Amino acid sequence: MARRSQGTKLHLAVLCLVVSCHAIGLSDLMERASQRSDKLHSLSTSLTKDLDSHFPPMGRVMMPRPSMCHTSSLQTPKDKEQALRVSENELISLARSLLLAWNDPLLLLSSEAPTLPHPSNGDISSKIRELQDYSKSLGDGLDILVNKMGPSSQYISSIPFKGGDLGNDKTSRLINFHFLMSCFRRDSHKIDSFLKVLRCRATKMRPETC
């Protein structure tokens, strides 16, 4: 009976959260999404620095080029100037497509982090879990956003991830782990940039000043 009561309370809490989110204005939702994307990018930058502290000397030479990131097939604005010329619907679609494309890679990184041949693998593992939490939270927030923006903003590009193995030897695992994190850091910067442009538009600020 107690378990049923707890389940009912949890259901009501989630229901109230959803209802309150839908009652919030578009500019406030944009602000919250921007804060989460900023944290996501900050965490990915911190993780990249952690990995840099114990990287094989030949790692930079052996690491794949950025063009090999699995999300490189998605055409996105190259800089802020280009992003300012893209519509709201397309920017939110690009942000959601990039975020969704990292669900499986983050699962792989999460499973590999605890045994990564790196002296800070415990901290790295903890930060990867944080990335997953923030990614999930941001994704949920963007889902609410697009429901407010209308059907034309709901398109998502499917970007498959085919790399399910980081390798067997220590060097390969470190290099491939670092490569995936560098790709995620690049994409988290794009997501953050797109959402900041959208936030400025929603608050009627001049986007070029953001």
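Placed from the backbone N, Cα and C atoms, the Cβ positions cover glycine too.
Some features that Swiss-Prot has for this protein:
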- CYS69-CYS183: disulfide bond (DISULFID)
- CYS200-CYS210: disulfide bond (DISULFID)
- 1-23: signal peptide (SIGNAL)
In angstrom units, rounded to an integer, how far apart are the Cα atoms of CYS183 (disulfide bond) and CYS200 (disulfide bond)?
26
Inside 10 Å of the Cβ of CYS200 (disulfide bond), count up the other Cβ atoms and send me the figure.
19
Inside 10 Å of the Cβ of CYS69 (disulfide bond), count up the other Cβ atoms and send me the figure.
19
Fill in the CA-CA distance, CYS69 (disulfide bond) to CYS200 (disulfide bond), as an integer in Å.
29
Other C-beta atoms that fall within 10 angstroms of the C-beta of CYS183 (disulfide bond):
21
